[in-house]
Amino acid sequence: MSPIEKSSKLENVCYDIRGPVLKEAKRLEEEGNKVLKLNIGNPAPFGFDAPDEILVDVIRNLPTAQGYCDSKGLYSARKAIMQHYQARGMRDVTVEDIYIGNGVSELIVQAMQALLNSGDEMLVPAPDYPLWTAAVSLSSGKAVHYLCDESSDWFPDLDDIRAKITPRTRGIVIINPNNPTGAVYSKELLMEIVEIARQHNLIIFADEIYDKILYDDAEHHSIAPLAPDLLTITFNGLSKTYRVAGFRQGWMVLNGPKKHAKGYIEGLEMLASMRLCANVPAQHAIQTALGGYQSISEFITPGGRLYEQRNRAWELINDIPGVSCVKPRGALYMFPKIDAKRFNIHDDQKMVLDFLLQEKVLLVQGTAFNWPWPDHFRIVTLPRVDDIELSLSKFARFLSGYHQL
């Protein structure tokens, strides 16, 4: 019998956050080992519970949420999203401009599939959240990575963006606040990106899932209100700010001129209809989440868990010889730099795997985020301080004797 192979469409699709290193971690756990996980931004396992009022409203609406809804989502949920963004400067957004999906991930894939033809290019940051690159590849497009500059607080390199635009470039992806670096972009930088998009007729895809997870004096500026004359698609959801990643509730909001994008919008509506609708019971969480008390503020200010965990992780990382890190101003991650020459690192996945096998701590290698060099890794700052201290003390011990062959 001939082997059954995966589709050739998946040849360039990669999502190493849940890749071979995670499989090895699962094997270790099955053998009875405890693995400290600093690899994925899933708040619930780290003791971040959802607000009670969200759970109560979902439970209360369960009896009437057993059937399909509109393929774009419940009217009440989309109305709440519309009002949320109108109050933030997107005055012309209507209910029909909003699509609710099974998490932002599903919507990213739909947005790329509806737009890209074979060989079309999409500007994606390096490092990136790798689903963006995977979605572009799955949609027959080509992800062209523009560099973010570590020496400038991980802001995008505007000259590199300009240099990588070609006649095939359809759009640009902006992840702000950024995963994996924790950068929060200034209004001035965003205005410059808008001008580049304007000059080259690019669609802006704005991934803003961490827009309320900000530290110190950081301020988030949504890019869509800065570009009312451009088609901008903003992605957000409940997973991070409201700690309900398992609910799989995300949305995308179309803003700007849409008459010239009728064909693209038809494609989005077709893909939304093909999967019928997003999870209906969990959509009842959206109105409550956006309209109620924003409890995330308790975690991101001094004394709050996210604030204190970020600070402690940053201090400990920078105390490790050969490792340095830009202090994140938002999101749930850090993207430290490791002195590859000092440790002779030429394969960062091997480094992460070696660390896992020796110390039973799970990280993600930097190249998993489409960073071109094997000199970074990502950690999440969700674990409690005790676990962060234990994990990073193990990493310091590991590196003290590490040298790749």
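Backbone N, Cα and C atoms are what each Cβ position is placed from, and that goes for glycine too.
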- Note on the structure: Which of Asn178, Asn179, Asn236 shares the L-alanine site with Gly41, Arg378 in Swiss-Prot? The record says Asn179
- According to Swiss-Prot, one residue in Lys9, Lys142, Lys240, Lys341 is annotated as N6-(pyridoxal phosphate)lysine; name it. Lys240
- Item | Cα-Cα distance maximum in Å, computed over every pair in Gly41, Asn179, Arg378 that the record assigns to L-alanine | 11
- Item | Neighbourhood of Lys240 (N6-(pyridoxal phosphate)lysine), C-beta criterion under 8 angstroms, separation at least six | Gly41, Pro43, Ile209, Tyr210, Ile213, Ala331, Leu332
- Query: Just going by other Cβ atoms within 10 Å, which of the binding-site residues Gly41, Arg378 has the emptiest spot?
  - Reply: Gly41
- Query: Looking only at Cβ atoms, how many others are within 10 Å of the one on Asn179 (L-alanine binding site)?
  - Reply: 28
